[in-house]
Amino acid sequence: NVAAGRLFGIPIRGTHSHAFVSSFLGLDEIIDKALSSSDGSNKCEDFVSLVENWLVKIQGASSLRGSFGETNQSELAAFTSYALAFPNSFLALVDTYDVMRSGVPNFCAVALALNDMGYKAVGIRLDSGDLAYLSIETRKFFCAIEKEFGVVGFGKTNITASNDLNEETIDALNKQGHEVDSFGIGTYLVTCYAQAALGCVFKLVEINKQPRIKLSEDVTKVSIPCKKRCYRLYGKEGYPLVDIMTGQDEPSPKVGERILCRHPFIESKRAHVVPQHVEELLKCYWPGNSSVQREELPSLNENRSRCMRQLERMRPDHLRKLNPTPYKVSVSAQLYDFIHFLWLNEAPVGELR
């Protein structure tokens, strides 16, 4: 997945591990303590001391008094070392020891020291525990820091949550209420638990300009023959109503003109549609002819943007998680007739005696 990020320009994000945090014993392990400011105008020779000073200030803050005591110093050393290495992308994993009594205060001390040097910390990551509760308490802590020390925007510091998140857990968090800004979905994204394989199979629909059909007792496995074009028909509210497939040589649907949309196999399922906007969905980039040069394919970013735009246009009931309304895909009357003509032509006729 990291290689995919490099090859295709996919933005990738990561933080350090729990092992990184627990590998430190104390601040005295940090050898190179110097950090130049973000604009290069000055240099802090002892960034570690700057962090320690900020931790003392946080501990003495009136609005935070009593919320925590001594923090874990090995964790503070890990955060400081990480910030020295990556001052522009400091995102700390705060649950190695104790989120509210150590991780968050230690992060704030390092983040405020970075702020003195002209850097802005990215945020924290929560990877265990009650994510909703911890995110809310962390947000309160950040807001108290902003108010106490006048650091504008600190209250909005990013809170990321991870820990085997999936659609169900995120939906539950949203219903419960939380202060998480972004979700780090790892395992369930890269392994696709819900549908580990995409059930798509190649079917021949035309060869040498001869339409072909694949028949089956299972009607969902009957292929739709011939070379086709596909259009998305939009209603007056701006939402897509239905997709329609037509034969390659059929005229395109026209805005304001009524067109009959039919279910490809169920005779009674049909509707007249008067589209307010028509969008052609299929584009041929190479017809398979060696004498024709292939058009340049869209980039991964362009494909992703197009997918997101299409999803944003869909009616909410098509996208809801529980019992979504099925989106209809139809065929033209002419294609419907041809499918069933070819079906009858190719299907063997039984004989009873």
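Each position is counted from 1, following the chain as shown.
The backbone N, Cα and C atoms fix where each Cβ goes, and this holds for glycine too.
When pLDDT values are averaged over the domain 'Nicotinate/nicotinamide phosphoribosyltransferase' (122-221), the model yields 91. The annotation domain 'Nicotinate/nicotinamide phosphoribosyltransferase' is assigned in TrEMBL to 122-221.
Annotation source TrEMBL lists domain 'Nicotinate phosphoribosyltransferase C-terminal' at 227-338.
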Summary of DSSP states over the domain 'Nicotinate/nicotinamide phosphoribosyltransferase' (122-221), given as helix, strand and coil counts: 39 helix, 14 strand, 47 coil
